[in-house]
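Straight from TrEMBL, the features:
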- 1-28: region 'Disordered' (REGION)
- 8-18: compositional bias 'Basic and acidic residues' (COMPBIAS)
- 48-68: transmembrane segment (TRANSMEM)
- 212-233: transmembrane segment (TRANSMEM)
- 285-408: domain 'Heparan-alpha-glucosaminide N-acetyltransferase catalytic' (DOMAIN)
- 288-307: transmembrane segment (TRANSMEM)
- 327-348: transmembrane segment (TRANSMEM)
- 360-379: transmembrane segment (TRANSMEM)
- 399-417: transmembrane segment (TRANSMEM)
- 438-458: transmembrane segment (TRANSMEM)
- 531-551: transmembrane segment (TRANSMEM)
- 563-580: transmembrane segment (TRANSMEM)
- 600-618: transmembrane segment (TRANSMEM)
Amino acid sequence: MTGARPPTAEKRRAEERGGAGAAFQEAAPGRKLRLESAAGDMRGAPGAGWALAALLLAASMLSAALLAPGGSPEQGAEAEPQRDLDLDKKRHVELKMDQALLLIHNERLGTNLTVSWKSERCYCCLFQFLVNVSQSGEPGKPSIAAVSVSTQHRSVLQINDTLEEKEICRLEYKFGEFGNYSVLVKDTYNGVSEIACDLVVNKNPVDSDLPVTIAFLIGLSLVIAISFLRLLLSLDDFSNWISKAINSRETDRLINSELGSPSRADPLSGDIQPEMWRQVGSPYRLRCVDTFRGLALILMVFVNYGGGKYWYFKHSSWNGLTVADLVFPWFVFIMGSSIFLSMTSILQRGCSKFKLLGKIAWRSFLLICIGIFIVNPNYCLGPLSWDKVRIPGVLQRLGVTYFVVAVLELLFAKPMLENCVLERSCPFLRDITDSWPQWLFILILESIWLGLTFLLPVPGCPTGYLGPGGIGDFGKYPNCTGGAAGYIDRLLLGDDHLYQHPSSAGLISVALTKVSENEAFIPINKNLWSISYVTTLSSFAFFILLVLYPVVDVRGLWTGAPFFYPGMNSILVYVGHEVFEDYFPFQWKLKDNQSHKEHLTQNIVATALWVLIAYILYKKKIFWKI
């Protein structure tokens, strides 16, 4: 942990200036920075305003979540008892979150029923046993079986004659949370003897998505209201804003002329104070990168804390994408972008490659150690839990990826001045022409991955298998989860050192996926980190950064708050939210543990607290960098 304060008031004011969203670490010895006040204080006050806005946003969403319906009925399924004594059987079923009560009425004499089910999202899956229903004892007295069913996705019910083992009927329906439903199975005689299976709604479900909708709408309304209020408050200074727009280039020229020596801050770190490069034509630390990093980080915190226990804030079961599947690849994308920008600039300042290699190795080692020793979810098994410690954790994979990409960039990076001619001639090909060795190396790695995936023989499994195994693919390959990737992981690391709870770009992604979730050459799959998953999420990240850059850095329409603050202290926020996850005030005992509303409230408050912590640390000039 490092804490630093600027030694002079001039530097503090310089840090708060908004010309490029950057804070200056140090000026040339013996010099003072003098800027016009109209250009110096434009972003100091809005920072505090946006912090207050973040608190108001959290409080409003908290109130919305508390006031919105969406809790579980009192005493589970007993909230509204039916007069029919046969329906008292439902009291044997205790409903949990994302469940509904289903009553199977068997009115057929002499026929026992077997009811099975599967989720519509489970591609080519076997039906799973749900309940047996005995035969009806006498006409007009059906036999009833009560069971809970999932409400997250559309369910497919299969009702079979137990004795003859043949399908009687099949139903598809999207059940609602805490709803009460009945399926009536009976014989009908309309000239021809037939079997009818009718679904009846006994009790309407609750709208479990309403708290999220209300929280989002109130939050959006607050952002619009605060932005409009800030516009009104700035009307008196409109002339200064015009002056700033006119004189912005002159101001930057003065900064470059007044500050002689470049900053000593380490640009390789993802958690350093913002800075502007002093040399004309050199890139400065992009505020949009920190904003994007903070956005991904806050989304990750919210998802890791539970995301209100909504399925779309959890990882996808196998193929496909959810909100939770977005954040990790975005972190890798931001890390790679930062490596390129920082490596080019630090080499331009004359730092030796050998010294940089030592820094890269040390930083990678620290990331891996933090992931193993600090962010260790198995402390309940022992002080270090070596037997089941997760080796390929988030920080561990970031550390390895950082080392490979940074060393690759170190070997082939070119000084900025050598690229001036290419920049004028073919700027749209510059990423390829300047970095063709890196492209070649990555293509070789991808070719190796594809070769292992589709050509490596896996014992007892078809070659090139990419499925989830288990009940997937109609149960043909129960022990083939992940195909070659799963086989290699288990062979090298062992089952105990893997993640124990798996959720079993651009034109390239369109071609690989055929714009389909499952019917694809290479489906989008977070568990396998398939090439289609990588290219799709990289494309998303590229376009988000493409939008943020002109809005945040070029036009200055948005400071990046409140996401900018956690983006400046990403390692601290990530480690902190993992370590203190089970501590108050980030978690407390809920009155109703089966309520989306209460979980959403808790997760929003915990996430907002980390934004506030990041803001306070930013104002105190405290950053954790490795």
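Placement of Cβ uses the backbone N, Cα and C atoms for every residue, glycine included.
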Review point. Who are the chain neighbours of the transmembrane segment (438-458) in space, where the CB to CB distance is under 8 Å and they lie at least 6 residues beyond its ends?
Key: 408-409, 412, 432, 464-466, 480, 483-485, 487-488, 531
Review point. Under a Cβ pair cut-off of under 8 Å, which of the recorded stretches 327-348, 531-551, 563-580 contacts the transmembrane segment (360-379) most often?
Key: 563-580
Check your understanding: So, do the transmembrane segment (531-551) and the transmembrane segment (327-348) meet, by the test of 3 or more Cβ pairs under 8 Å (sequence gap 6 or more)?
Key -> yes
Practice item. Please list, for the domain 'Heparan-alpha-glucosaminide N-acetyltransferase catalytic' (285-408), how many residues fall into helix, strand and coil according to DSSP. Key: 89 helix, 1 strand, 34 coil
Review point. Between 0 and 100, where does the mean pLDDT of the domain 'Heparan-alpha-glucosaminide N-acetyltransferase catalytic' (285-408) sit?
Key: 84
